[in-house]
Amino acid sequence: MTGYKRVLLKLSGEMFGGGKVGVDPDVVQTVAREIAAVVNAGVQIAIVTGGGNFFRGAELQQRGMDRVRADYMGMLGIVMNCLALQDFLEKLGVETRVQTAITMGQVAEPYIPRRAIRHMEKGRVVIFGAGMGMPFFSTDTVAVQRALESRCDVVLVAKNGVDGVYTADPHKDPTATKFDDLTYDEAIARGLRIMDQTAFALCGENKLPMVVFGMEPEGNILRVVQGERIGTLVTAG
C-alpha cells in the first residue's frame, strides 16, 4: 500500500451546504477534522472547493442572467466556502492559507503557484478560491490545473452520496456498476459525468491520476491519501 506526498482535494460546494443553500457548520467541521488528520500524517494538501451551495453560473444563465456575471458571482461564493473551511481548520491548529484567482487582499493571498508550493512544504494547507478567475471554467478544471501547477501527485475527488465512478447514475439505474479502475479515454468515450470532460482530458494529457471516492464514512480522505484502494482510480492507462 503506497501513499501520496502531495495531494489536491476537490470538494463540492453542495457538500459545504449539507444539501442546502449556505454553509453547514457541522459538515465543514467534519471535513476540517479529516483534512487535519491528513496534515498530521505528514501529507501535503491543497484544496479546491466548488460554490454550488451559493450560486451556479450555468443555472443562473438559464434563468436569463448574463453568464459572465453569473460565473463571477459563483467565484465569490467559492471564496466564502474557502474562508469557512480556513476558520475551522485553524480552530484545529492547522495553519492554512487561502489563495484567490481574483485579488482580495484583505481576506486572501493572490494565487501564486510557487508560494503555494512553499506553504505546503512548510506543512500548511492551501485552499484555492475564486475558481480560475475567469468565466466559463468549472471548478473541476480548476482543480486539475491547480494540481498540475502545484505539482501534486494526484487529484482526490470527494463525492457526497456516491462512492466512485459508475457506468450510470446509481441513484437512477439499479443496474449501474462501479469501476475500480478506469482510463481517462474510457471516461470520455462513455460520457461519464463524474467530472467535466475538460478536466478528464487535462489529467489524461499530463498523466495525472485521479481517485474518485465517497466522503462517508469519516476518515476516507486519510485512507485514500495513505494508499488504501477505495473508490475509483482513473489513470492515463
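Cβ atoms are placed via backbone N, Cα and C, with glycine included.
Per Swiss-Prot, these features apply:
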type	residues	note
BINDING	Lys10, Leu11, Ser12, Gly13, Gly52, Arg56, Asn160, Tyr166, Asp169	ATP binding site
BINDING	Gly51, Asp71, Met132, Gly133, Met134, Pro135, Phe136, Phe137, Ser138, Thr139	UMP binding site
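The binding-site residues in question are Ser12, Ser138, Asn160, and the one with the fewest Cβ neighbours inside 10 Å is Asn160. When the binding-site residues Met132, Met134 are compared by the number of other CB atoms within 10 angstroms of each CB, Met134 has the fewest. Listed in sequence order, Ile47, Val48, Thr49, Gly50, Thr139, Asp140, Ala143, Val155, Leu156, Val157, Ala158 are the same-chain residues six or more apart from Lys10 (ATP binding site) with CB atoms under 8 A from its CB. Residues near Gly52 (ATP binding site) in space but far in sequence (CB under 8 A, at least 6 apart, same chain), listed by position: Ser12, Gly13, Glu14, Gly17, Gly74, Gly77.
For Asp169 (ATP binding site), the nearest neighbour among the binding-site residues Met132, Met134, Phe136, Ser138, judged by Cα separation, is Ser138. The number of other Cβ atoms within 10 Å of the Cβ belonging to Asp169 (ATP binding site), over all protein chains shown, comes to 11. Across the residues annotated as binding UMP (Gly51, Asp71, Met132, Gly133, Met134, Pro135, Phe136, Phe137, Ser138, Thr139), the widest Cα-Cα separation comes to 14 Å.
Phe136 (UMP binding site): 12 other CB atoms within 10 A of its CB, across all protein chains.
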